[in-house]
Amino acid sequence: MKQERSSGGYSGIPPTSKCLVCEHPDGGSAHFGSTSCLACAAFFRRTVSLNIQFQCKKDKNCVIFHELRMICRACRFDKCVKAGMRRECVQKRRSNKKIPKKHMNMLREDQIKMEYDECKFECSGDQTDDNSPLSIEKKSPPGLLPNDSPMMADFKFDPSDIPSTSGGSTQRLERSPSPKLAESKILSMNGEELLRFYVDQLKNSMDRRRMIFTDTALLAVIDDRGDVPFDATEPPPHSLKRQYESQRFDNLLAFDFCKCCPGFDFLSRVEKAIFFRSCSLAYCLLDIAWITVQAYPEEAAEPVLMYTDGSVCTVNNLSYGWDDEEDICAHDKKKLFLGFLGRFNDAICRPIRNLKMTHVEFAALKALCIWKLGYCEFTPSMKVIGKEHEEALLNGLHNYYDDLYGNPDETGMRIGNLILLMGTVFEMNQLIMETYKSAELFELFKLDALSKSLLTL
């Protein structure tokens, strides 16, 4: 096994064969400024990079020993710190490997074609891989299987859905995947790195919103906070005029995300536009749910929604955030949005709140929705790239849950709930698209030029 190289370089630690954390007798080596085994080093790196917060269920003085089957993760992390491991030695996510443009088209065509052939080979018959991170059915408890949701039928990859191009593809050879072919990957990062990328993107978007929409912009610069920036004590009332500006900023956030998203460089111009629309919907719709739940951890008797600019409106009545505006009256706003907002609060915000979803889980849910909810519009090459994102994200989630819970049943239940929630998000996406198309058709309120373009895709 290749030994992990310490991120902090040579630290002057005398060589020893004993891990200072779990006391393993022959696994000690230099890691993050201390001496530990590879398992404890990986645990520390994952905990720091994903910013996981553990809580001890006892007296914060649990025994940490390598022969114990169950080890308190909170006390294990504390012991890592006491042993001398330093957070600053954990490297941030490496940037995605850049490929010279002169090789981009050739690499894109060959790798995506090979991945598609491999996927076609794997989908034939009823073969399943027990080790695959997509084998959620084997890990989820009864009642939480993805197939139980009618919406999830739209997310299955069936190669027969891809139209035949016999006139232009007769020279493409059908071949079974070789071991070399099976290792072909478009992404240059593993599941944990990809999950960390999406978590970083979520934090960056919140810091940018703090810069634009709050009076505490400097905190985003000096603290690198990444939390929801809005104050729920005296929020401003929502208006469509404010929404016009916040939607433009959400589109800018989606643009920044697309430009650095792994695999985006492989897409054609039309594919990039389709993918951007999925990102724009996620940065608007899903972020509203996350911001609302973080601002209001407990649902009030009169629930409200907080938008991506920090403004709020009531959900069950017109008491706040439903005033008449220059372009539209409160009655028309009620007909357009009140029913949708009530459904959105019940179907999206409430489950996120009840699940006590962490920022890592929400980042994974958002990423899965981006790559899966537009699946019926995706080209074969987009489906291949999306498949790799999905596999890597689920793999990263498994590792995250293993560290957080250490319980396979809890892991299966959490992942099953995330997958089931995707079907509801798909429904909300369709409803809001229909609402905006109606508004554009009848000129009910002002839409920015980019949003109008996305509606015509």
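Here the Cβ of each residue, glycine as well, is placed from N, Cα and C on the backbone.
What Swiss-Prot lists as DNA-binding region is 16-92, and the listing cites sequence analysis. Residue counts for the DNA-binding region (16-92) under DSSP, helix first, then strand, then coil, are 25 helix, 6 strand, 46 coil.
Residues or ranges marked as compositional bias 'Polar residues' by Swiss-Prot: 162-171.
The feature domain 'NR LBD' is assigned by Swiss-Prot to 201-457, with sequence analysis given as support.
If you look up Swiss-Prot, you'll see 125-182 marked as region 'Disordered'.
As annotated by Swiss-Prot, zinc finger applies to 19-40 (among others).
Each residue in the zinc finger (56-80) has a pLDDT score, and their mean in this model is 85. Sequence annotations record features per position, and here Swiss-Prot assigns zinc finger to 56-80 (among others).
For the zinc finger (56-80), the residues of the chain that approach it from at least six positions outside its boundaries are 19, 21-24, 27, 34, 36-37, 39-40, 43-44, 47, 403-404, 406, judged by C-beta separation under 8 angstroms.
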